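Undergrad: Summarising the annotation, TrEMBL assigns domain 'Response regulatory' to 2-116. As annotated by TrEMBL, 4-aspartylphosphate applies to Asp51. If you look up TrEMBL, you'll see 124-219 marked as domain 'OmpR/PhoB-type'. Residues or ranges marked as DNA-binding region in TrEMBL: 124-219.
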Amino acid sequence: MRLLIVEDDPALGDALATGLRQLGHVVDLFGDGRQADLALAEVPYDALVLDLGLPHGDGLEWLQRWRGRALKLPILILTAREGVSNRIAGLDRGADDYLVKPISIDELAARLRAVMRRTSGFAHPVWQHGALQYDAAARAVRWKGQPVDLTPRELALLEVLLANPQRVLSKAQLQDKLYDWSGSEPESNALEVYVHHLRRKIDPGIVRTVRGLGYALGSGEPAP
């Protein structure tokens, strides 16, 4: 998943971003709502983790503003503010979940997976596509019942394709899901390399090339 974290505590923000990256997610971290607002205009994030005590506008104000603009991505509040009234305020303004610090990375990742399942309408944590099986919680891939060892970037690419089974995705759309703003620009042929790896490790037909447009998920059936 391509995630946006809005957290003004640098140490906590770095810890959250590092932990989620180690689980294979692509993460951008910003310290206030203004920076996050600019990022949201540029990047199709899958989910947002939002602190409330932010400079340049409280998190609840930003939440209400984003929902008022019909921003539909899942938003999880992660804050030190306890109490039922605070939870109600956050949920009523459009949060999909409300979490109180401290929280483990594993629980945060599980909450993100749960809210993504709810918003996508895909209730089961295991994706089945023909002979391909992907357990999102365990980040485990099987092809024809046999385990497949993928790198985090290869797994991220496969996850994006599985989440969009009927769509042709351009190179730019896929790169937006695979790379955050903290690193250097990817090599010009990096995406093609990851596509090649998926075809080699899983099956030649698992990724379909649509000439001039991009890539799409293949049939999920073994190539003859």
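Cβ atoms are placed via backbone N, Cα and C, with glycine included.
Predicted automatically and left uncurated, TrEMBL annotations should be read as such.
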Undergrad: In the domain 'OmpR/PhoB-type' (124-219), how many residues does DSSP assign to helix, to strand and to coil?
TA: 32 helix, 24 strand, 40 coil
Undergrad: Run through the domain 'Response regulatory' (2-116) and tell me, per DSSP, how many residues are helix, strand and coil.
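TA: Counts, helix then strand then coil: 52 helix, 23 strand, 40 coil.
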Undergrad: Sequence gap of 6 or more, Cβ distance under 8 Å: name the residues on the same chain that satisfy this around the residue listed as '4-aspartylphosphate', in order along the sequence.
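TA: Once residues fewer than 6 apart are set aside, the residue listed as '4-aspartylphosphate' is near Val6, Glu7, Asp8, Asp9, Gly59, Ile77, Leu78, Thr79.
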